[in-house]
Every structure is written in C-alpha cells, then in structure tokens.
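A quick write-up on the structure given underneath.
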C-alpha cells in the first residue's frame, strides 16, 4: 500500500505546525485572498478561492518543488505492509502537533487574534463582488471609426463611460476663491459654467476651463450655503439655493456678469440641504428640510412655495437630508433622511392618510430592524430613472431598482469608504451611469464599477481629510470635487498609465476597523453631535456679513419662519 507523506518521527516543529495549519484550512472551508482578473489587464480585486482550487494549487507547488522521477522524493511516499500501525502513528503525530500548536497559541494569543481578524476582513472585502466585464470601448478602433465619420456622434458618449479612462483620472487643477468649506458644485446644462457655494455665504460662477471666476456674489443666506443649482432652460440666468438657515432663495443673474438680486421663496424650520430640479422646467423645483417638509416651488406663482408632504414614519416626523426627481418620470421624487428608508412619492397622488402618502419604500434588509442610528445622507437616480443610489451614514452605498415593488432589497452594495464625519454626497459617473463615485472621511475619492461593485479608481481628494461633493461633467470625461478644503479640484483622464490602486486595501481595512469601533461605543452619537453643535456655535459668533444685495422677503411661504432649529427635539445634521 502507498500512503501520502507522513512526516518522519523526528520531523521539525515548524513543519508539523505548517502541515497541521494546512489541514485546518481545508477543513474550515475556503480562504479569500487577492486575485486579479487578467482578461483585459485590469486589477479586479479579491475573489474567493475554493477548496478544490486551493488543493490543486498546493499540489502544483509540490510538483514543482520535487522531481517525481527522482528517488530523492521518497520521503513523500512510504511503502508499508501494516496499515493499522500507520494509522496509529498518524494519530500520535496529529496529537503531538495539536499540543504544540495550542502551546504556541497560548504564548501568542494576540497574533492569532490578528490573523483571525485579518481573515474576517478579507472575507468582508471579497463578499458580494462580481467579476469585471470586458471593456466596452477600445481606443484605436473608435478613433479610426471617427476619422471616417462612422458613429462620430457617439464618440464622446462612449469615451465618458470607458473604464480605461476612469482608471486614468488625475488632478488637473484647482479653483481658489472661497474662504470656507465648499459644500456644493453644479455644472450648467451645457457644461461651460460651474457654480459653487460655501460656508463663506458666497456663490461663485466659474469658467472652469480657464479657471476663472466670472461672477461672485453674496447669497443672502445667514448660514452655510448647502446647494446652488442652475435651473434648466433658463439661459443660466436663474440659480436656486438652499442653506443651513432653512431658506430657499433664488438669484437672478444678468448677461453682464452680475447678480440682480436674491429673493427668499420658501422657509424650512431647520436646515435645508438639497434641492431637486425638474429636468425640463426653468421655473419649478423641489426642496427638502430637516423639518421633514417637502416644498414644491413654482416661480410663476405669487406665493411660489407649496407644501407637498410632511415625511413621517408612523406618527414621527423624519428630518430630510436629500431629495431627487426621477428624470424619466418627473412626477416621482425620492427622499432620504434621519432613518434607514428611501421613500418614493408621486406628486399627482399624495394622500397622507394612505401610508403617509408614500408610493413605496426601500431599505437594505439587514438595516430594517437594525438598532444602529443609520440615516441616508444622499440619494440620486440613474440617467434613465431605473436605478436609485443611496449613501448611508457610517454604512455602505446601496443600489436599488426603482421599478421594484415596495420593500424590495438592494441590488448592489459598494463598500470601502467611510461616511461619518460630514454629510457625504454620492453620484453616478458616466453617460449611462456606468460607475458609482463617492468621497470619504479618509480624504479619498472612490469610483466603483456599477455592475461588479469593484473599485476601479482611488484618488487622494482632500488635504482637509473629507470629500463631500462630486459633480461629473455633463458631456466630457471628468469631474469636479470639493470638501473641507477651501478650493475646488478638477479631474481629467490624462494619466499615462491606469491606476495601480496603491494602498487601497490598507485604507479600506482601516475605514472598516474605525467604523466597527465607533459602532461599539454607545455614546458616540451623542459625542459627535455635541462636537458639531459646539463648532456651529463658534461659527455663529462670527460678525454677520454686511451689504446683502436684496433682503426682499415678499416671496416668502405662508409657512415661513425665521427659526433655524426644529424645536427641542431637533438634532443638527453633521455637516461641514
């Protein structure tokens, strides 16, 4: 009988320990480790390795180390006529190895714990990932086709969605004018101008291509400007704004590069973080506030603001941080805020007596009954309105199918970043929403391939440590970002070589460890809110900026109030 290699009785402790560890690995199941998809020469991240693959790999390594035609390898095989003695000897060797390994574990418990934690981390990183698909755009054939006029109208569109160019994004330049954190960025529909708003209460309109500020004006707000957007089809003459003071204001711009005036059109009882534009309307948009109210605003009316809905879960109001209109079904809009649910409403049939007016709700299944104080900081629809992306505070980013029925679970999960210190934005990148982009508390910008959920680009985006705003250009391959730094950064795919994702895994593991540690601290939520309250109090002690261009409040909503807070139960959102 020929039996597979029992070690000689005088074998070394290390060899025995190593063999025992390999046996335990095979028993416990698969082990995950970094692999690369070499189909198109791109890094694809981690992939689970099955037991069969691992055993085959070990066999191949053994074959390479030993020449099977040589008798020198006789130590791997033994000829015996007494199988019972063989089994008894193997049992003694296993017992001896197990005792020695247990002794080593008692002497080095921290190292074993670290190894277990590392394996768990690797398993988490590799879970819920798919293989990267092959490239859908190739540079040389596409350029040749454009030269002869074939599909030339599709060239720019395909370039913007090419993974190869996303992996070559690099910093092109900075726009410097603000004296506070930049909280909002928005390109006009043609992509020639970029609007930015800041904690310094000013709005700047940029000719970003030449890095020149063509217009700068006081917003009229009394606290941090959170959003400023060009209304579509308005000739870039109308800018809608919202801020921490709860005001919704509209700025009228002239062709002579000046601001005629700003007027308040609505007032929330609490901070207003986001506006939602209707894609084809130059005079109507939506706003959402921490008072749980959604206003529909029509600038053609004497009283522009109309309260559409008060968002509730049961009888409790849900403060809102984000709102977005479905670009394909403009009567649908989605909101997210101070709980774990994405809510979709239909403006044509909101009945607050029927399910609080909600058309349908989405939430990751594991967060439905979660005890953690999870909330949604940002959500956006895809280019055709079929998908909905939501970023959760100190959790991950989730993709939902907006056409699914009420209560459906998520489609994809994007992880590795950290969303805790400030209100993080999230966005799709590419003309067909091919990628997902987000900032992080670690100061980096992450781009995931939407289909596989694998990270394809990883860039250092902010010296201050946090990236909040990410605005892709509407027609060109590139984007603008901002955060706690006082400047705006412009990115374009001009790098000579694709990214190597250097240091990515270490940063992802660090973000996950910090998130887990924070979740274990019961008083962390209170401590963080207290910190931001103190920061806000110190900022409000600044002298008020003088010379507001227009303080006309004649467009105020009948529900307007000058209160900045939403009452005694108000909790200020953690904002930059």
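Any Cβ shown, glycine's included, is placed from N, Cα and C.
Any TrEMBL annotation is an automated prediction that lacks curation.
The compositional bias 'Basic and acidic residues' feature in TrEMBL is assigned to 16-25 (among others).
Taken from TrEMBL, the feature compositional bias 'Basic and acidic residues' applies to 33-50 (among others).
Among the features that TrEMBL reports, compositional bias 'Acidic residues' is placed at 52-70.
For 88-101 (among others), the entry in TrEMBL reads compositional bias 'Basic and acidic residues'.
Positions annotated as region 'Disordered' by TrEMBL: 1-118 (among others).
Among the features that TrEMBL reports, region 'Disordered' is placed at 541-576 (among others).
Sequence-distant contacts of the repeat 'WD' (175-207) (same chain, six or more residues past either end, CB-CB distance under 8 Å): 213-219, 221-230, 232-233, 236, 239, 241, 251, 253, 464, 468-471, 473-476, 480-490, 539, 545, 575-576. TrEMBL lists 175-207 with the feature repeat 'WD'.
Per-residue pLDDT, averaged along the repeat 'WD' (175-207), amounts to 95 for this model.
The residues of the repeat 'WD' (175-207), classed with DSSP into helix (H, G, I), strand (E, B) and coil, number 0 helix, 19 strand, 14 coil.
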